[in-house]
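Q: OK, TrEMBL features for this one:
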- GLU117: active site, proton donor (ACT_SITE)
- ASP258: active site (ACT_SITE)
- GLU351: active site, proton donor (ACT_SITE)
- GLU372: active site (ACT_SITE)
- THR475: Ca(2+) binding site (BINDING)
- 518-543: compositional bias 'Basic and acidic residues' (COMPBIAS)
- 517-556: region 'Disordered' (REGION)
- 1-25: signal peptide (SIGNAL)
Amino acid sequence: GAAMLRWLGSLLCLWALRIPAGTGAAAPGLDVASYRERVRAMFYHAYEHYLESAFPYDELRPLTCDGQDTWGSFSLTLIDALDTLLILGNVSEFQRVVSVLQEGVDFDIDVNASVFETNIRVVGGLLSAHLLSKKAGVEVEVGWPCSGPLLRMAEEAARKLLPAFQTPTGMPYGTVNLLHGVNPGETPVTCTAGIGTFIVEFATLSHLTGDPVFEDVARKALKALWKNRSDIGLVGNHIDVITAKWVAQDAGIGAGVDSYFEYLVKGAILLQDKELMSMFLEYNKAIKNYTKFDDWYLWVQMYKGTVSMPVFQSLEAYWPGLQSLIGDVDNAMRTFLNYYTVWKQFGGLPEFYNIPQGYTVDKREGYPLRPELIESAMYLYRATRDPTLLELGRDAVESIEKISKVECGFATIKDLRDHRLDNRMESFFLAETVKYLYLLFDPDNFIHNDGSVFDVVITPYGECVLNAGGYVFNTEAHPIDPAALHCCRKRKEEQWEVEDLMREFYSLKKNKKFTLKRASDHGEGERAKDPEDAPSEKGGEKRNFKKSSHSLLSCPSQSFNSKLAVLGQVFLDNT
């Protein structure tokens with residue numbers, strides 16, 4: 001009874017804390033709904049001009065109203081903006097773009113492409129759109145989410161990147177030719193982020209397609225960086241992927257390193273992988289010890305720990321969001337507030353900011369409409385509901401509209417001091433900046449789902465829960481549904497896994513056959529006939545917890561190891 005009362009009490013607390021959607025209750029005087037609509041209008045102003053003036057090129061040039069190829073030749077802005085369309089609720093345009101991409105995008109082209117950028121923007125964008133396509137009303141294949149045209153495109157793009165990983169260290173080259181593989185004269189020097197930013201996309205691909213090669217190369221690259229950290233626990237900025245010698249020895253959390261740390265945390269969450277998380281926590285200690293001063297982070301020499309640049313880079317602004325993901329909210333907020341003061345000083349974040357002098361760094365005065373500070377605000381607002389975070393969102397909308405809006409879209413700010421513009425609109429503006437702004441102002445978006453609603457999909461491998469929330473954003477803000485990684489396991493393999501594990505656990509004598517009895521109607525033994533083995537007419541349905549909760553809780557699509565974590569107690573009690 002007391003436990004029940006405590007549970008009800010905590011529910012009431014949560015309910016009392018819940019911010020009503022679309023009201024200004026979260027921040028007095030700030031009309032969340034009207035900012036949400038302004039962000040929506042921002043998206044369409046940029047998106048429609050891209051379609052009108054730049055498609056099928058990669059990016060819009062907003063000052064001349066034309067297009068250019070930048071990172072390859074894949075209509076990049078369209079792929080990058082696809083899941084944002086669904087987050088804004090536009091299913092018809094999502095469906096149209098999916099068919100345009102299927103017809104029009106070809107990766108068999110003689111183009112030198114960045115391995116890193118192609119992964120985060122193209123592979124990430126296609127995977128996210130693939131996993132969201134049923135929600136967007138696309139007619140999906142029978143085997144979805146374990147098959148589908150967007151998944152095949154993502155796999156094709158990722159295969160084009162695999163030759164880059166064929167090095168003595170397993171760390172990839174930075175550039176690959178999509179037709180011929182790695183060029184003979186290719187530089188072996190790659191930045192740390194360009195080596196450690198694959199696990200989210202590649203592990204998702206491996207889990208969905210059943211081909212382990214992607215996750216394997218991503219893990220090998222992560223571990224190679226870990227193995228080559230300095231004695232004081234830091235990694236530098238650029239390394240030679242053939243010899244594993246550090247070429248640029250600056251250690252920090254910003255450009256060239258940033259998303260390596262991000263992917264250790266997000267990979268750990270996505271894959272429930274303790275090893276990745278413990279790597280990050282070790283780095284986190286070294287970063288606090290050597291680079292953190294007064295809630296700012298500086299650049300230091302990776303072997304000695306001496307300060308090399310007392311500079312804040314706008315790319316570092318993702319860090320408070322990452323800290324909030326590991327629950328370090330107080331430190332995250334303090335650093336966020338430092339970065340926000342810089343934003344208020346300039347109406348944007350300059351690429352580099354000299355901390356002691358409190359001003360921009362020569363030749364680095366621009367703001368290309370980057371998302372990182374807004375991304376951190378979104379995470380921290382989910383964690384704290386602090387209205388200051390909505391104020392950053394407001395400031396961002398006002399600044400971007402005032403300074404960078406032009407007739408044909410939004411232009412990169414070349415210099416925050418005099419507001420000169422550059423003829424470029426990076427694809428991340430629609431993939432990330434607008435998406436994080438919208439999610440900051442839209443507390444009831446499906447992306448923020450807390451697990452109270454979900455879909456159940458029947459796959460060839462059994463029942464599978466999707467769209468329950470807990471999305472993991474890749475570093476280009478493409479959300480991956482972690483539950484989808486459990487949808488495509490083949491049950492036959494699981495049976496062998498069971499027998500092996502049982503032998504390990506109880507060192508059974510060979511002549512004793514171990515079987516799990518079916519426990520009444522609820523917990524199913526691995527050998528019991530599972531309901532999902534029966535043919536089902538229903539392709540998928542909306543469900544709430546009450547109906548048939550036992551079959552959901554038995555997690556038929558999870559590997560045995562995961563089940564053991566939940567059901568292990570049952571076996572141990574029987575011994």
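Think of each number as a place in line: the chain as shown, counted from 1.
Backbone N, Cα and C atoms are what each Cβ position is placed from, and that goes for glycine too.
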Q: Going by C-alpha positions, which of the recorded positions (GLU117, ASP258, GLU372, THR475) is nearest GLU351 (active site, proton donor)?
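A: Its closest listed neighbour, by Cα, is GLU372.
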Q: Taking only the Cα atoms, work out how far GLU372 (active site) lies from ASP258 (active site), in Å, as a whole number.
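A: Here the two Cα atoms are 11 Å apart.
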Q: If one measures from the C-alpha of ASP258 (active site) to the C-alpha of THR475 (Ca(2+) binding site), what distance in angstrom results, rounded to a whole number?
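A: Here the two Cα atoms are 10 Å apart.
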Q: So for GLU351 (active site, proton donor), how many other CB atoms are inside 10 Å of its CB?
A: 22
Q: Which residues of the same chain, at least 6 positions away in sequence, have a Cβ lying under 8 Å from the Cβ of GLU117 (active site, proton donor)?
A: TRP71, GLY72
Q: For a quick check of packing: other C-beta atoms within 10 Å of the C-beta of THR475 (Ca(2+) binding site), how many?
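A: Here the count is 25.
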